[in-house]
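A.B. asks: What TrEMBL records for this protein is below:
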TRANSMEM  24-44  transmembrane segment
TRANSMEM  56-81  transmembrane segment
TRANSMEM  93-116  transmembrane segment
TRANSMEM  122-141  transmembrane segment
TRANSMEM  223-246  transmembrane segment
TRANSMEM  253-273  transmembrane segment
TRANSMEM  279-305  transmembrane segment
Amino acid sequence: MALSAWVIKPFWSPFIDLLKTKRWWVVTMQLLVGAGLAGIALTIPMPNFFRITLAVFWLVAFSSATHDIAADGFYMLALNVKDQALYVGIRSTFYRIATIAGQGLLIMLAGGLEIWSGNIKYAWSITFFILAGLFLAFSLYHKYILPAPGSDKSVVGQNNASSIMEGFIETFASFFRKKQAGVAILFMLFYRFPEAQLVKLINPFLLDPIEKGGLGLTTAEVGLVYGTIGIIGLTLGGIIGGICAAKGGLQKWLWPMAWSISLTCVTFVYLGYVQPQDLLTINICVFIEQFGYGFGFTAICSTSFTTRTESTKRHIMPFAQPLWHWE
């Protein structure tokens, strides 16, 4: 349900491009995400919390997707072309770190609070309050620290609803008039496909006992393997990918990055077949896979465009996400 907010993102992204500034949207959406997370924390102790939190989660997802649109455009406006390529690896690395933190570190925090308090609802409520505080702090920090590029202007007074819709239609039409538009769509749909299927099964595979086909690691060992060694590999891959894209250009590195994000998944084929018991082998394989992801994901982040007639990635990529996360 929450993913639907990302799927329909292309239908309101033209309005984000035209109403207010990208900077305003970034700061405001961080504030709304923080408020939504605080709302979830408050409703968890209630008897009918499930329905309420489900609705608030969708609002948080909507705000997050809107933030992604604005941050994408602001990134292009605030940096020159060389810096865009240089920092794209850093950007993709922190995106993945946030994903790992949400899937692992927050669960560990909630689990620790549950053991300490003996109350599951209390543990999750405190966890979401901490998250809400972080996002509110991010919003306040970015309100004062983010630059204000001269090109980041609101054009709300220059456009009515009709012209906004015309711009929206032109965005799609201009893309499909380009040569090999179909190839570009297939590229964006399937670029992350192998890795996206793998990432859903990594934690169950690492935790499941040997007799069930897993590696039988403890939660602490998974934290070391995936949450520490994996993040080191991811960070190095993202940084090196950004440097390569900045120096050699994306056209030169596109195929190496595409092979990198897919072929390194073979390390988990090896782990599944051999089921090694020593942490050194497991750490090396996870490091290689995460390094390959960090290096390869740089390419997909580099395909961002900022103008309405060239906003290909922001309008097509959301439709790929359900395919990436199909289970």
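The backbone N, Cα and C atoms fix where each Cβ goes, and this holds for glycine too.
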A.B. asks: Using a Cβ cut-off under 8 Å, which residues of the same chain at least 6 positions beyond either end of the transmembrane segment (24-44) come close to it?
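C.D. replies: Same-chain contacts beyond the ends: 16, 52-53, 56-57, 59-60, 63-64, 66-67, 69-71, 74, 121, 124-129, 131-136, 138-139, 142-143, 146, 154.
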A.B. asks: Apart from its near flanks, which chain residues at least 6 from the ends of the transmembrane segment (223-246) lie with a Cβ under 8 angstroms of it?
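C.D. replies: Contacts of the transmembrane segment (223-246) (Cβ under 8 Å, skipping residues fewer than 6 from its ends): 82-83, 85-93, 96-97, 100, 104-105, 108, 202-203, 206, 217, 253, 257, 260, 279, 282-283, 286-299, 302.
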A.B. asks: Which one, 93-116, 253-273, 279-305, has the most C-beta pairs under 8 Å toward the transmembrane segment (56-81)?
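C.D. replies: It is 279-305, which has the most Cβ pairs under 8 Å.
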A.B. asks: Against which stretches of its own chain does the transmembrane segment (93-116) lie, if we need a Cβ under 8 Å and a gap of at least six residues from its ends?
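C.D. replies: Same-chain contacts beyond the ends: 122-124, 126-127, 130-131, 203, 219, 222-223, 226-227, 230-231, 234-235, 237-239, 293-294, 297, 301.
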A.B. asks: By Cβ distance under 8 Å, which residues at least 6 away from the ends of the transmembrane segment (279-305) in the same chain are close to it?
C.D. replies: 72, 75-76, 84-85, 88-89, 91-93, 95-96, 188, 191-192, 195, 198, 206, 215, 217, 221, 224-226, 229-242, 244-245, 250, 253-254, 257-265, 267-268, 270-271, 311-314, 317
